[in-house]
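Annotated region 'Disordered' per Swiss-Prot: 1-20, 563-584, 627-660, in sequence order. The compositional bias 'Polar residues' annotation in Swiss-Prot covers 1-10. Per Swiss-Prot, the feature Zn(2+) binding site maps to C65, C256, H281, E285; the stated evidence is similarity to another entry. According to Swiss-Prot, the motif ''HIGH' region' annotation covers 67-77. Look at Swiss-Prot and you will find 314-318 tagged as motif ''KMSKS' region'. Per Swiss-Prot, the feature ATP binding site maps to K317; the stated evidence is similarity to another entry. Positions annotated as compositional bias 'Basic and acidic residues' by Swiss-Prot: 627-639. The feature compositional bias 'Low complexity' is assigned by Swiss-Prot to 643-660.
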Amino acid sequence: MSENSSPKLESTSAAAASTKKPFPEWIKPKGKETELLINNSLTGGKVPFVFNESGKGRSLTWYACGPTVYDASHMGHARTYISFDIIRRIMKNYLGFNIQYVMNITDIDDKIIIRANENGISHSDLSKKWETAFFEDMKLLNVLPPDALTRVTEYVPQIVEYVEKIISNGFAYESNGSVYFDTVAFSKAHDYGKLEPNSVGNEKLAAEGEGSLTATSAVSEKRSGFDFALWKKSKPGEPVWNSPWGEGRPGWHIECSAMASDLLGGNIDIHSGGSDLKFPHHDNELAQSEAFYGNRQWINYFVHSGHLLIDGLKMSKSLKNFITIKQALEKYTSRQMRMFFILHKYDKAMNYSPESMGYAIEMEKTFVEFFHTAKQILRDSPLSLPQFWTQAEKDLNKHLQNANDQVHQFILDNFNTSDALKTLSDLVNKTNVYIRSCAEQKTNPRLNLISAIAEYITYIFSVFGLTESSTASSMIGFGSAGKGNIEEEMTPILNALTQFRSEVRASAIAKDTTSILKTCDNLRDEVLPLLGVKIDDKSATTAMWKFEDKETLKKEIEQKKEIEKKKQADKEEKEKKLKEKFEKSKIPPQQLFINETDKYSKFNELGMPTHDKEGVEITKSQLKKLQKEYDNQTKEHNNYLKSLSTSTSSPTLTSTQSPQ
């Protein structure tokens, strides 16, 4: 470190690490204050959301840190992008904001260069491949695309201009073809490390932020060890762009500052990203942008998603718990994964495990069954039935109104979807109690009340993105994706019905009732689920049909087949062991050890081993074990002989024997 280093940037010592530094002053935006509270990483707590409505109505700007595309997207990405997709939908579809949502793609970086060289392909081919895969994953997860997408490789001229301006403002310098941000000069006029003040001076984090191709070689070029690269001089084999400082490439942190500023300007309402990016990436973004604009606050609200643990551990390939989004979707549906994230607060650490996913799946089933029940009531009960409200209906309606108020307050409290969803679950439980009570008293549930509850829950689910497509206000339930014309929708169902009719007719003509039943079961278990229809047998002669998500039903079929496959394998293994045991019972005890010459060399008159293969006498402890095995064989062989004497065709089986 040079002698110009500021005390604010000295290496973090044990004493300094133990003292929590305060957050710098946050400037409350001018404008209309709302009831919405947001956990702002710039303050370390919840603050009211304020937006400037002059001339633009309820509009806001939002910049989201996108992925560095060098590998498959994993569950950590799902955690971040689903969480912020939910918040974006809430702010747009529930709170009524018009959002300009910009996300970047880092398509040139140290990690990309290293991976491309390892694979022997160009960095552009590698990044294009994984960018395509990323957006395929986002589509499968029902994550809305950004309004504008910024790729680093398409913004290099703007990045160069941005760096030039920072240099001219006195906060960056050129050194050996690279350009570095002057943290010492900046710290004299601004607050550096707004998001994580305690991480300022952490050499390890600072080095990680520079990238593995740069961190070590650049130390001697910097005025301070904590300065970071805005422009990197390219080494042989690295991509290059022209600049006033020679051929090179952008640094990691400057990319977001330049691209976000180009589209959203010098003051942005919301910036989002994962917690692991706070320092140095996001703190460096803030510093660069303030240095460029000469202002004190580039971002008004910085929001971060919490860490995702896998079975309580940090996800890594070395621990063999690295789970890609596609791998997760092989086991769970997109809706189940979103339900899982909704059940957790977006800004807190969470644990991904079979148990936690199991809870989300059970929660989903609760709502699925409720929607089926509500639809059946509305479908089968005419409005001509009594609709007078008794105290039971008044009480249930009160629960609906309370749930509406509570969900609203939870949403305003830092997007608390977890408690909002539990409130809806409680409303469903109360509604189910009411429906059962009606059945017991032989009265009909009041249709408009059931419809109002189901439609309200559906509306909140559409806000959270749990419905795969826009669900009309008159619709209830999760809905389904891809609503085409009637012919497109009915064709696969009519094909299945036609095939079913042909098979039943053929079996009926052949008077094969067993085949007819098998065809009916196949329709229920194999054909209709793939069309999004589930049939539940209520009795030997009646059944109830339900519309359900195709992927959910498909996975249920797969899970059922896996269970049956395991049962069959266990059965075969058990039969195999019984058969082996039975075959062994045919051997007289005197011959049990005789052929084991690889273990023993001498035997007594009963066939018991007396010496091992080396000619050493068997020890007493070994002899005791062999005697026990010998006695057991005597018992099994006697049972075998007894079975021969009582049967002339095949041995009578005992609990210790098996058929041949």
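Each residue, glycine too, has its Cβ placed from N, Cα and C.
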Here the binding-site residues are H281, K317; which one has the lowest number of other Cβ atoms no more than 10 Å from its Cβ?
-> K317
Could you state the whole-number distance in Å separating the C-alpha atoms of C65 (Zn(2+) binding site) and the residue listed as 'ATP binding site'?
-> 23
According to DSSP, which kind of secondary structure is K317 (ATP binding site) found in, if we only use helix, strand and coil?
-> coil
Starting from the Cβ centroid of C65, C256, H281, E285, which together make up the recorded Zn(2+) site, report each further residue of the same chain whose Cβ lies within 8 Å of that point, ordered by sequence.
-> H253, E255, S257, H271, G273, L277, H282, N284
Hey, which bits of the same chain come close to the motif ''HIGH' region' (67-77), Cβ under 8 Å, at least six residues off its ends?
-> 105-107, 109, 111-112, 115-116, 126-127, 129-131, 133-134, 137, 274, 308, 310, 315, 322-326, 328, 352
Provide, as an integer number of angstrom, the distance between the C-alpha atoms of K317 (ATP binding site) and H281 (Zn(2+) binding site).
-> 23
According to DSSP, does H281 (Zn(2+) binding site) fall in a helix, a strand, or coil?
-> helix
Please work out which residue of C65, C256 has the most C-beta neighbours within 10 angstroms of its C-beta, and give that one of the binding-site residues.
-> C256
Name the secondary structure element type, per DSSP in three states, that contains C65 (Zn(2+) binding site).
-> coil
If you count the other CB atoms within 10 A of the CB of E285 (Zn(2+) binding site), including all protein chains displayed, you should get 28
